[in-house]
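As written in TrEMBL, here are the features:
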DOMAIN    24-346  domain 'Kinesin motor'
BINDING   G110, Q111, T112, S113, S114, G115, K116, T117  ATP binding site
COILED    355-426  coiled coil
Amino acid sequence: MGSIGKEELLKIERMQMASALEEKILVLVRLRPLSDKEIVANEVTDWECINDTTILYRNTLREGSTFPSAYTFDRVFRGDNATREVYEEGAKEVALSVVSGINSSIFAYGQTSSGKTYTMMGITEYTVADIFDYIHRHEERAFVLKFSAIEIYNESIRDLLSMDSTPLRLLDDPEKGTVVEKAIEETLKDWDHLKELLSVCEAQRRIGETTSNEKSSRSHQILRLTIESSAREFLGRENSTTLSATVNFVDLAGSERASQALATGARLKEGCHINRSLLTLGTVIRKLSNRRQGHINYRDSKLTRLLQPALGGNARTAIICTLSPARSHVEQTRNTLLFACCAKEVTTKAQVNVVMSDKALVKHLQKEVARLESELRSPVPASSTCDFTSLLRQKDLQIQKMEKEIRELNKQRDLAQSRVEDLLRVIGNYQKSRKENGISHRHDMQAGNSWEDESSVSKSSGMGESHYLNGGAGKFGAARYVRDSGSNDEEPYCLYDTTNRHGLSNGTSPPMSIGKKLVKTQFISESRGC
């Protein structure tokens with residue numbers, strides 16, 4: 001590893017601050033021309049690129065308004081655009097971020113026979129050529145390039161640089177993330193060396209013939225190029241630091257419909273595994289586009305598990321969606337466009353990856369330990385102590401105030417509760433007294449009727465009657481019969497006790513209710529008679 005001096009380290013830190021920002025995935029759409037088979041079958045072109053960013057569905061009468069007819073992306077390429085244009089105007093900036101220490105990924109997505117492998121082969125060659133050209137123009141830095149290649153066939157991982165077809169396992173590395181166990185990583189010598197390795201990968205990859213494509217890719221291929229760079233002038237210094245980043249070239253197998261592919265046996269099994277992994281990829285992309293804080297099922301597929309950093313982590317990503325313009329593939333083309341619409345809403349947060357040597361790391365940790373120890377030895381400033389004391393005093397005052405308020409609220413609660421109990425007791429006594437008064441009222445009415453009969457019999461002796469009434473005060477307890485003037489004639493007379501039975505003062509008898517009316521009696525002088 002090389003090393004980077006103080007000025008170089010400051011430059012890297014500025015690059016980290018500039019790169020550690022969220023950015024959306026770059027989405028490119030490439031519409032290929034009609035194939036020879038489609039031309040022979042007299043297929044009609046239903047899709048058209050109306051400008052550099054919009055693709056239009058022209059056969060709107062067939063589909064109606066269920067789906068949109070126009071789709072807009074970062075860049076759209078027509079059938080007559082060469083792969084070189086797709087690279088220069090689309091994927092180049094993202095792919096070459098790797099030479100600055102930023103991870104990047106380029107992958108192609110689309111239905112079978114839409115031109116994914118053809119596009120990715122050109123993108124890979126152009127990117128690697130520009131990387132070597134960058135290395136030759138920056139001789140002040142030392143570069144180390146490492147290359148590895150794998151394929152995912154029927155959910156089994158196989159090393160394309162090895163003749164052994166034994167499936168490999170995925171492991172979780174605390175520093176590198178998800179890695180492939182025992183995968184060969186070749187250190188590149190030059191551009192010709194890489195061309196040889198690419199030829200080996202092409203020969204090793206699983207391909208098969210289908211009704212749609214004579215050489216259909218039956219596996220997902222991932223080519224990985226790791227670049228480590230350091231400044232030559234600071235080689236051998238203690239503070240050695242290295243930039244390390246990886247660029248992934250992902251050629252996905254194409255989605256296919258069993259009814260159109262007419263696949264059976266091994267081809268049908270391959271198609272099921274391909275569609276299942278692509279479905280998981282679409283689910284992950286859709287969840288990431290919604291930006292919800294929920295579980296993302298990366299582990300449901302080995303493809304998404306390997307692509308996790310590229311989809312929502314520390315990487316810059318570009319997706320090239322390839323389309324067929326034929327009317328017979330309109331449904332699959334629309335599904336690819338819907339996938340692209342979700343993908344353009346996904347954000348990643350790439351940053352410069354700096355790897356420190358053991359000596360630099362030890363030195364950095366020693367400085368950090370010394371700083372912490374000095375902070376522990378130094379006394380706490382007086383001003384901070386005063387601040388803490390005043391803060392604690394304020395907190396104590398607030399606690400006392402709250403305790404006082406709590407006591408007042410408890411008193412008010414107890415007082416209100418006692419009042420409620422008193423009211424309930426009074427209401428109970430009142431209801432009980434009403435029942436007793438009702439019984440005595442009926443007895444008094446009977447006594448009054450008998451008295452009226454006796455009075456009518458002795459009507460002839462008026463003086464005797466007066467004497468009898470005067471003398472009967474002791475018998476009747478100074479009772480008077482009063483009739484409400486506003487009552488009906490058929491209402492009975494009521495007898496009221498004027499001896500202050502209910503404890504009322506001033507000789508006033510308590511109010512009593514006759515039906516809905518309230519009558520109040522007072523003492524009547526006995527000299528006035530009846």
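Numbers here mean position along the shown chain, with the first residue as 1.
Cβ atoms here come from the backbone N, Cα and C positions, even for glycine.
Confidence in the domain 'Kinesin motor' (24-346), given as mean pLDDT, stands at 90. With all protein chains in the displayed structure included, the most crowded Cβ environment within 10 Å among the binding-site residues G110, G115 is that of G110. In the structure shown, the C-beta of S114 has more C-beta neighbours within 10 angstroms than that of any other entry among the binding-site residues T112, S114. Neighbouring residues of the recorded ATP site, listed in sequence order and excluding G110, Q111, T112, S113, S114, G115, K116, T117, comprise A108, N213, G254, T322, S324 (Cβ within 8 Å of the Cβ centroid). The Cβ of S113 (ATP binding site) has 25 other Cβ atoms within 10 Å, all protein chains considered. For K116 (ATP binding site), the count of additional Cβ atoms within 10 Å of its Cβ stands at 26 [all protein chains shown].
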